[in-house]
Amino acid sequence: TIESCTCDYKFRGDSGNDWEWGGCSDNADFGHRFGKKFVDSGEKGRDLRHAMNLHNNEAGRKTVSSEMRRECKCHGMSGSCTIETCWMRLPTFRTVGELIKERFDGASRVTMRNDGSPSDRETESSFVPYNPSHKQPASRDLVYFENSPDFCERNDKFGTPGTRGRECNATSLGVDGCDLMCCSRGSTTTEIKVKERCSCTFHWCCKVKCEECTSFRTVHRCL
C-alpha cells in the first residue's frame, strides 16, 4: 500500500437515509491524482499523438471513478439490520477491463482542430471527428487518429508476421477462431500424429516413470 493514501474521509457520518457512512471508502481521488501525475508525466509533446494519449489516459481514470459502488454491512442482534454502515468501493480490474474493451471497440477516429495545437490538452475539445457526420467524442470515449496496420498480412515495417499458417480453433467464435484469425481466407485441416507421455507412475524415491503413447489430433491452420 501507499502510506500517504488513506481512506476517503468525505464519506463519513449520517447520510440522511436509513444507513450511515462508515468503514474505509476507497480513495479514488488520490488514485486519480497519483495516476495522472505518474502516467501523464511522459507526455511532453503538443502534437496529436500526445493529445490523444492524454485524453485516453484521462478517459480510463474517469471510467474507474464513475464505476465506484456503495457497499454496506448490517449490524444488529441475531442478524437483524438495526444499523447499516456503507462505504464506497472501487470496481474490480475485470469490470474496468471489460468497460475499457467496450470503449476500445467503439473508439472514435479524430483529427486536430484546424487552428492547430490545442490550447488545453486536458479536454476533448482538442479534437474534431475525422468523419464530420460523427459526433464529438465524450470525455470517457477513447480516440485514435490513424488506423491500425493490417495484422492479417505480414508487414516487416511494423514487425507483424500475419496470420498465414497460424493454428486456429475451428469451433471458436472468439479471436482464436478460424473465421476471425484467418481473415476470411479459410483454413486447412490435417490429422497429425502426436507422441505424449502417459500412464505415469511415481516410484520411491524419487522418480516418475511414463510410457509413450501415440494419438492423432486434428489441426486447423490459416491459409
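Every residue gets a Cβ built from N, Cα and C, even glycine.
Take the candidates Cys86, Cys213, Cys222; Swiss-Prot pairs Cys182 in a disulfide bond with Cys222. It is Cys168 that, of the disulfide-bonded residues Cys24, Cys168, has its Cβ surrounded by the most other Cβ atoms within 10 Å. When the C-alpha distances from Cys183 (disulfide bond) to the disulfide-bonded residues Cys72, Cys86, Cys210, Cys222 are tabulated, the minimum falls on Cys222. The disulfide-bonded residues Cys81, Cys152, Cys210 differ in how many other CB atoms lie within 10 Å of their CB, and the one with the most is Cys152.
In this structure, Cys24 (disulfide bond) belongs to neither helix nor strand by DSSP; it is coil.
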